[in-house]
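Per TrEMBL, these features apply:
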BINDING   G9, V10, P11, G12, V13, G14, K15, T16, T17  ATP binding site
Amino acid sequence: MGKKVVVTGVPGVGKTTVINGAMERLAAEGIAYETVNFGTFMFEAARRENLVTDRDEMRKLGKDVQKRLQKEAAAGIAAMSGDANVIIDTHSSVKTPAGFLAGLPEWVLRELMPDIVVLVETDPDQILMRRLGDPSRTRDMEGSRAIAQHQEFNRAVAAAYAMYTGCTIKIVRNEDFLLEQGIDDLVSVLR
Ligand code: AP5
């Protein structure tokens, strides 16, 4: 049975950047992993239904619609992942207009049963600057304090994921100028 590793972090913390670096390192060592982006699974379904035209619109959809898309994505990912080692790029929680929505509620955890949940974090000021420097995305306008609160909530809800599945929780720091250190930390749990 392969390892299932869920990698999470607030938008713009750099989780995809750290995952890509770790994948290159592991490929060089001959360790095979597949990566799956949970948001892309949801987005493809949402676009087919003409619900959104941009992935950043999804977190503004009604709560029940987001939950349905979430459930479909979890089932799709579980069906395709089989026995392979898989990294699932997603969110511990999603900030919606109605409040924080758990990224891995019980019906998602039951499908994925992760071995490890990784929280990619860094200082809120750095995340704010990364968001401002990325014109390709429609980021929510929020300050450092709100980003800090989102990171705190992500830790709290991750504790519930550990209680439910017995998975471990790994915190990986992805600080400015220290990307390689973040990649090293992620690689150490993926090996
Ligand atoms: P998703 O596609 O995951 O969106 P996101 O969180 O905004 O992810 P990004 O790829 O934009 O951010 P990132 O943290 O990966 O940062 P990146 O590496 O690009 O999700 C889209 C949507 O899907 C969600 O909004 C939600 O609606 C939905 N969704 C997903 N999962 C869900 C779930 N489980 N339940 C419900 N809904 C779900 O880096 C950002 C920038 O920082 C880049 O410019 C990069 O170069 C820079 N950077 C990175 N690291 C460093 C560093 N160390 N130093 C300096 N710059 C750095």
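In case you wondered, yes, glycine gets a Cβ from its N, Cα and C as well.
TrEMBL: automatically predicted annotations, no manual curation.
Using the Cβ center of G9, V10, P11, G12, V13, G14, K15, T16, T17 for ATP, the list of other same-chain residues with Cβ within 8 Å runs, in sequence order, V18, V120, I127, R130, N174. For T17 (ATP binding site), the same-chain residues that are 6 or more apart in sequence and have a Cβ closer than 8 Å to its Cβ are N174, L179. Neighbour density for G9 (ATP binding site): within 10 A of its CB lie 25 other CB atoms from the protein chains shown.
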